[in-house]
2 protein chains.
Amino acid sequence: MNVLTSSRIAIDPAYVERLIMETAAFGAYGETGVWRTVYSPEWVGATDLYAKWCEEAGLAVTRDAVGNVWGRLEGSEGGKSIVSGSHIDTQRPGGRYDGTLGALAGLIAIKALKEQFGQPKRTLEALSLCEEEGSRFPGTNFWGSRGITGRIAPGDAEALKGYDDETMADAMLAIGLDPARIPEAKRDDIDAFIELHIEQGPILEQADLPVAIVDAITGIRHYDVLLTGVQNHAGGFPMDLRNDPAAGFAEIASGVINTAHRMGRPAVTTVGRIVPWPNLPAVIPREVRFTIDARHPNPEKRRELYAAHEGLMREVAARRGLGVSWEHHVEHEPCLSDPGLVKTFQQAAREQGVPFMTMPSGAGHDSQQMAAIARVCMIFIRSKDGRSHTPEEFSSMEDIVEGIRVLAAGLHALAY
Amino acid sequence: MNVLTSSRIAIDPAYVERLIMETAAFGAYGETGVWRTVYSPEWVGATDLYAKWCEEAGLAVTRDAVGNVWGRLEGSEGGKSIVSGSHIDTQRPGGRYDGTLGALAGLIAIKALKEQFGQPKRTLEALSLCEEEGSRFPGTNFWGSRGITGRIAPGDAEALKGYDDETMADAMLAIGLDPARIPEAKRDDIDAFIELHIEQGPILEQADLPVAIVDAITGIRHYDVLLTGVQNHAGGFPMDLRNDPAAGFAEIASGVINTAHRMGRPAVTTVGRIVPWPNLPAVIPREVRFTIDARHPNPEKRRELYAAHEGLMREVAARRGLGVSWEHHVEHEPCLSDPGLVKTFQQAAREQGVPFMTMPSGAGHDSQQMAAIARVCMIFIRSKDGRSHTPEEFSSMEDIVEGIRVLAAGLHALAY
């Protein structure tokens, strides 16, 4: 046991800012945006830099079969690893913080612990996950953490088509990764995974707090809905004789949004994608395709929410003489953080004098994948105006440094 | 005065069917569809054929500066012309009947009158109008009838951009029409314009009638609406703090559709085009652009309908903290048919023993443009399932022949 207490942990704001800004240069989009999809040239540049910084910090660098970068600080007592990181890919465009901040935070925290406390008893690893956003290949979310947990099925890389019509396998081969070797990325020697991430919502800002300890990740389901009616001329067809899928869609969208609103926090339901066909002003559409993204961290409430949404879709379609069908391309059960880790990081925040709250995450995160093989916990950093997935996302350097101090203090408690 | 009465008018169904099918071959799309936009190679082929058939019928053919084709049967007493026709362009894809049937009906009716009654006293003209649908150049609707009525402003052809990024002027030049000569298409010697057209709605089918005499064309306004909110992550942002333009859109769309429905026939309101941005499942959109197409043939009711729609948009936007603005790219006042012509064609239907009703048109038509320089009236033909603007639109040969007999009988009453 190192005699120094973790209350002495120092994090250099200038170093943190340099790492954030230099990483953001890879895929820079406008003044503050980043467009860095998995396996792109920008992504290769950012991961090379991450590996270089790990080496400079004295960590042993390895890259696995899906392109995750690991920086390992061996513990004197061996055993399973304590890992901290997040994903290094972005939305198109996203900002500088979503994902990237957590990958850098793991590296910065472990570097600080090594410099200030020497070798740990337990092995610590910093991790840059290759992909989480699904922004190049819809349906590939969590490619990095799914690789680590052995959840990428044979043939997935060949089957998954990107927005630009290439497959995941093509994209891997183009940068020298062999899709046949994906199973080698699997790990079974991780004890705990701690992910620092921006909040992506306004709750911390509203509460005037820099940091949260996350006790659960919400359950998510995406409905990809097809609502079909009868295409007709907008002028000639009386309202009472229409089978108008736009009318049905509007009623359904209003209804599901109101259902989540009335259920109250933390229920959320979003209709983000709407594609009518033929999408012309003077034509009653033949069909409307749309998505419903519906989330709740409580398994029972989540079932209630989904039952209400499905009941409304069936009722509106039947009443309006429309066809309705849906698929789920995204389905993630709620994920509870490990209660022991939650306590450890709450205590770490108290020791560091960092004011915090405990809250569930409304967004999905790599942690929910990692939970299949390890105990998990997350730390949230306050987001300006609650914004994310946009170039405007922003967290202050003060809040970021507070969060990394909490991360480092918790890792110290676990590993030293 | 020819001694034969119009009750003896014969229309050859085989000839009618041949003309419809041979015209439909230009731009044939699938089994029954037609994709024939103005000034396209398919359009050139169809208008050449129309001109050939006019010549074969003994009509004097001219083509005007915008590509309308005229087939003229000179009257013995001179004076202003009595014209019958419609547009020869289609939706993308449309069917065989919308527009084309009226252009062919004018030709078939005048050919039959010439063959069966000889030279008229009044000059009769068959007319193929070049463009009505706006399906190649949004905002160019009624290009043919606007040319004839002198309603194309200098520079319009150069300013109007097509869906494929070329201008109307480019498209005209490509087939040998000089945009600078558009003013020469203007006519001031037309007394009456009678347009036969498919109903494009289910009202005749419901009433079990083959034909209608149209006493008014509805007033139309298109709202091009931009609803703006705040883009955010679908998971992190609580429902009660969102400024979600998709939620506002859904409420507005439901509301305007319900308003028209409750106002009752013939009010119609359609939301045909919806374009959110960025249009991703897990992102609360930043904006939703959409159209409202709202129609009523009664000027006062029409104002009520529009006031209700605008009031709802303002109320929803204010309550949800959204920005809202709109433009009108389509604005057509209601157009009353000439009461004398309505009586003439009602009487013609009675004489021919064709059962009919009198109704307003919910769709816009070239007749409402031609009303600026001539008395107008329309004849509707029953549409199967009320369908139009689709390859599935269909009118039976029996109904079509009945309609052309009414048209020919009315022209006979006016011209002989």
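A Cβ is built for glycine as well, from the same backbone N, Cα and C atoms used for every other residue.
DSSP assigns A:Asp98 (Zn(2+) 1 binding site) to coil, not to a helix or a strand. Long-range Cβ neighbours of A:Asp98 (Zn(2+) 1 binding site) (same chain, at least 6 residues apart, Cβ-Cβ under 8 Å): A:Thr90, A:Gln91, A:Glu133, A:His197, A:Ile198, A:Gln200, A:Ser388, A:His389, A:Glu393. According to TrEMBL, the feature Zn(2+) 1 binding site maps to A:His87, A:Asp98, A:His197.
Residue density at A:His389 (Zn(2+) 2 binding site): 28 other Cβ atoms are found within 10 A of its Cβ, drawing on all protein chains shown. The Zn(2+) 2 binding site annotation in TrEMBL covers A:Asp98, A:Glu133, A:His389.
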For A:His87 (Zn(2+) 1 binding site), the nonlocal same-chain Cβ neighbours (under 8 Å, six or more residues apart) come out as A:Gly99, A:Thr100, A:Gly102, A:Ala103, A:Ser128, A:Leu129, A:Cys130, A:Glu131, A:Glu132, A:Glu133, A:Gly144, A:Asp366
Given the Zn(2+) 1 site A:His87, A:Asp98, A:His197, its other Cβ neighbours within 8 Å of the Cβ centroid, in chain order, are A:Ser86, A:Tyr97, A:Gly99, A:Thr100, A:Leu101, A:Gly102, A:Glu132, A:Glu195, A:Ile198, A:His365, A:Asp366
Cβ within less than 8 Å of chain B, restricted to binding-site residues A:His87, A:Glu133, A:His197, yields none
